[in-house]
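Written below as structure tokens is the structure these notes are about.
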Amino acid sequence: MTKSYRPVVLCIMDGWGLTENKVGNSPLLAKTPTIDYLVANYPNSTLSASGEAVGLPDGQMGNSEVGHINLGAGRVVFTGLSLINNCIKKGELGQQPAVIQFFDLVKERKCKLHFLSLISEGGVHSNMNHFIEFAKLCKSKNQPYVLHAFTDGRDVSPNAAQTDFLKIVETVEQTGGSMGVISGRYFAMDRDKNWDREEQVFKYLVGTDRTVTYDDPIQYIKKSYTEGTTDEFIKPAISSKSENLAIEDNDVVVFLNFRPDRARQISHMLVGSKDLYDYVPSKQLNNVALFSLMDYEKINLTATLFPPFDIKNTLGEVLHQAGLAQLRIAETEKYPHVTHFFDGGKTVEYPKMKKILIPSPKVATYDLKPEMSAPEVCDALLAELDKVDLVILNFANPDMVGHSGSLDATIKACETVDTQIGRIYKRIQELGGVLVVIADHGNAEVMITEDGKPHTAHTTNLVPFIVCQKDLSLRDDGVLGDIAPTLLYLLGVEQPSEMTGKCLIK
């Protein structure tokens, strides 16, 4: 083992991708003296952060959950989207024990069956084709159902719903289902404990609010557009065609979002959770059976269609076994990523692992405060830097502000991150450590579509990889799963056999 360094800091610039096209390219348009200096003076390369390189289908854009799972695992990990797609491809969906269980439970209880799903082709939280497959199963069993559909506008274009819902509404009509609630994900998929938002859609789901109704789903969506509201922010409404669409006591609910972080709050409101949230919703339901595609940790699920994957010897576990001190730090929006997802989709505690959560600002959308809480994250990190061996740090700004579609705000977000990295770099130099700068997926580098409209989704672009140590050279074919082996090399810790990623230092 060669020379080791202390501390080593992995700085993840969330959503900071690379492309030579300057149009709408926030990182290029921003003033970034720190990143410019690091690229000019230290070994740097690029990483693949999408598609098969991170265990997703070919051509699928990366995302923060998958990115952090791969980063912490030190290998390519096949997660939700790929597992479900493969199951459907093999014709095995109807044979899954949990699928058999929820159909049987509906018959046994003589209750309603509900599907909750983000309707999107984004593949980040869900894929609308999964709902279509479940709808076909319902038709084959003559099982009526209600679809409560959440519009995206964040991981796909802001007005994609007007097209996507054509296929969804047709599917519902052809398979014996009913449209229930329609709501933008802003209300239905919060993860920052904005319970007032969740309550707005929850009341429609459980039947305590029918103020806004629609006759035709497509026309309701288009009407929202004429009022200046894009998919993410469409106000909750329920179909006027029936009074019997709400989720009631003893009903069966299947949540088709495979990514847990934005599904857990509304799930908690429906069925409760174990030591996760203490919020009491406006109406408490009894004996609702909630099923999910993937595990929503600590939610009171009846069953999960695909059991949690068990990743042995993650980076955090290896550092624990080596007796090293580690720090995980981020603001609210990305805290689960540097903890739960980085540790293989589970929550762990080690004696020498410290976690710091800095609250994200309470604003409606982050373009209103593109600095977010990056300065406070940096302050907290600098106070701990001389006490730890490895830091896993996430700056949320490029991704979270990038999702707003505001180019000017995202430029400011990138400049904010650059400033904070400069502060960290200076302190690491004083301590004799190494700063490693990467991103987990692209987003901020493409803020304008080819036809000049705001672009709010992730990308498949490569992401930066900088190691601030001059006596090293880097490979140029890296993926996110290669970062953990690289960090272990810098720390002088042996790479376990389970980590099939390769060290990117030659």
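Using N, Cα and C of the backbone, Cβ positions are placed for all residues, glycine too.
According to TrEMBL, the feature active site, phosphoserine intermediate maps to SER64. Within the same chain, residues at least 6 positions away in sequence whose Cβ sits under 8 Å from that of SER64 (active site, phosphoserine intermediate) are ASP14, GLY15, LYS334, HIS337, PHE341, ASP399, ASP440, HIS441.
Feature annotation from TrEMBL assigns Mn(2+) 2 binding site to ASP14, SER64, ASP440, HIS441. DSSP assigns SER64 (active site, phosphoserine intermediate) to a helix in the three-state reduction.
Cβ neighbours of PRO260 (substrate binding site) (same chain, under 8 Å, six or more residues apart in sequence): SER292, MET294, ASP295, TYR296, GLU297, ILE299. PRO260 (substrate binding site) falls within neither a helix nor a strand when secondary structure is assigned with DSSP, and so counts as coil. What TrEMBL lists as substrate binding site is HIS125, ARG154, ASP155, ARG185, ARG191, ARG259, PRO260, ASP261, ARG262, LYS334.
In this view, HIS458 (Mn(2+) 1 binding site) is surrounded by 31 other Cβ atoms within 10 Å of its Cβ, with every protein chain counted. When secondary structure is read from DSSP and collapsed to three states, HIS458 (Mn(2+) 1 binding site) falls in the coil class. Here TrEMBL flags ASP399, HIS403, HIS458 as Mn(2+) 1 binding site.
Feature annotation from TrEMBL assigns domain 'Metalloenzyme' to 7-494.
Summarising the annotation, TrEMBL assigns domain 'BPG-independent PGAM N-terminal' to 84-298.
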Let me make sure I understand the structure: which of the binding-site residues listed (HIS125, ARG262) has the fewest other Cβ atoms within 10 A of its Cβ? ARG262
Shortest C-alpha distance to HIS458 (Mn(2+) 1 binding site) - which of the binding-site residues HIS125, ASP155, ARG191, ARG262: ASP155
Other than its own, how many Cβ atoms are within 10 Å of the Cβ belonging to ARG191 (substrate binding site)? 16
Any same-chain residues 6+ apart from HIS403 (Mn(2+) 1 binding site) with CB under 8 Å of its CB? Would you list them in sequence order, or say none? ARG154, TYR366, ASN443, THR456
Roughly where does the domain 'BPG-independent PGAM N-terminal' (84-298) sit in mean pLDDT, to the nearest integer? 97
These are the binding-site residues: ASP14, ASP155, ASP399. Which one scores highest on other Cβ atoms within 10 Å? ASP399
Pairwise CA distances across HIS125, ARG154, ASP155, ARG185, ARG191, ARG259, PRO260, ASP261, ARG262, LYS334 (listed as binding substrate) top out, in Å, at 18
Run through the Cβ atoms and count how many others sit within 10 Å of the one on HIS441 (Mn(2+) 2 binding site). 27
